[in-house]
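Novice: What TrEMBL records for this protein is below:
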- 300-313: compositional bias 'Polar residues' (COMPBIAS)
- 300-361: region 'Disordered' (REGION)
- 12-28: transmembrane segment (TRANSMEM)
- 35-56: transmembrane segment (TRANSMEM)
- 134-159: transmembrane segment (TRANSMEM)
- 193-212: transmembrane segment (TRANSMEM)
- 224-247: transmembrane segment (TRANSMEM)
- 253-271: transmembrane segment (TRANSMEM)
Amino acid sequence: MPETITSRDAARFPIIASCTLLGLYLFFKIFSQEYINLLLSMYFFVLGILALSHTISPFMNKFFPASFPNRQYQLLFTQGSGENKEEIINYEFDTKDLVCLGLSSIVGVWYLLRKHWIANNLFGLAFSLNGVELLHLNNVSTGCILLGGLFIYDVFWVFGTNVMVTVAKSFEAPIKLVFPQDLLEKGLEADNFAMLGLGDIVIPGIFIALLLRFDISLKKNTHTYFYTSFAAYIFGLGLTIFIMHIFKHAQPALLYLVPACIGFPVLVALAKGEVTEMFSYESSAEILPHTPRLTHFPTVSGSPASLADSMQQKLAGPRRRRPQNPSAIYEESNPKDPAAVTESKEGTEASASKGLEKKEK
């Protein structure tokens, strides 16, 4: 289930991120960098395989033939026994998921053994896509608080100290995308890289996704704000690269991305007279097309696809109404004979007990 970021979460996020960054910096200064990176490599090896498998699964399903023997599996891990039994893991998957997991494992082994920049970028893109998918902003004001706070965070830790650059260069994990600057000279064995942190992708990404949902809520069959913010992101990223090339110094990407991603859509809203609608929009109240809506949270687990299919079948099925006996209703509403009243009550209790037994079965 996606997690919604509230304004309180957005205000605390830069503080938590600063503590985490400073903690990593101290770890690299105190402990051996080799052992820390070995531990982090194993951790991101597992996470990267799962994230990449989840990302490529929808694309891989198009290439499986109809005759492919697709079997269903279930991974169940419980704790306790009897009435105290508690499910720890209950996950349903099929043969196609196993194929995607196998392909992702090949990339994972490649990354673990070689730390190749292509494998790093595949994992980084998978993490970014999953981050944008699973993190939601509830409104534009929360997005502005989050982006504004991280704007100050990025500028301070890049220009004010060497903490950000030191951690980024020391951290051997797919938390950044790397771009070889000597690709034409050394080909795939390039070793001189420019870096872009995944935070510079995910944080503006969830804001752009919010504007896409706002476009859909307007019901005008246009994606004006989405395309505007997307073009603004490309412009801000290009400006970051240009400034970095001119001054030959690491640049905080959010210094250029935040004004562009917030400023351009707000200018469009001012021109169209929709500023009030933009800032009053609440994403949590909007249901996207073809998205099943959970009105309650049942104790059912499984893959997202199987859960969505079962929900759509329940929603599409006809609603049954329990048949009622008119004579019994009449007798209950007109109790002339005490014996008839007694028979009516006994019949009601008997039908209720039968209905309860059927429900239990």
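Yeah, the Cβs are placed from backbone N, Cα and C, and that goes for glycine too.
Locate each feature and note its surroundings.
Specialist: Within the chain, the transmembrane segment (193-212) has long-range Cβ neighbours (under 8 A, six or more residues past its boundaries) at 5, 17, 117, 124, 127-128, 131-132, 135-137, 139-140, 143, 146-147, 150, 168, 175-181, 223, 225-226, 228-230, 233, 236-237, 241, 244, 253-254, 257-258, 261-262, 265, 283.
Same-chain residues lying 6+ beyond the ends of the transmembrane segment (253-271) with a Cβ under 8 Å from its Cβ atoms: 143-144, 147-148, 150-151, 153-155, 196-197, 199-200, 203-204, 207-208, 211, 224-225, 228-229, 231-233, 235-237, 239-240, 243, 277-278.
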Novice: Determine which residues of the chain contact the transmembrane segment (35-56) at the Cβ level, with the cut-off under 8 Å and only residues 6 or more beyond its ends counted.
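Specialist: Residues 27-28, 97, 100-101, 103-105, 107-108, 111-112, 122-123, 125-127, 129-130, 170-175 contact the transmembrane segment (35-56) from elsewhere in the chain.
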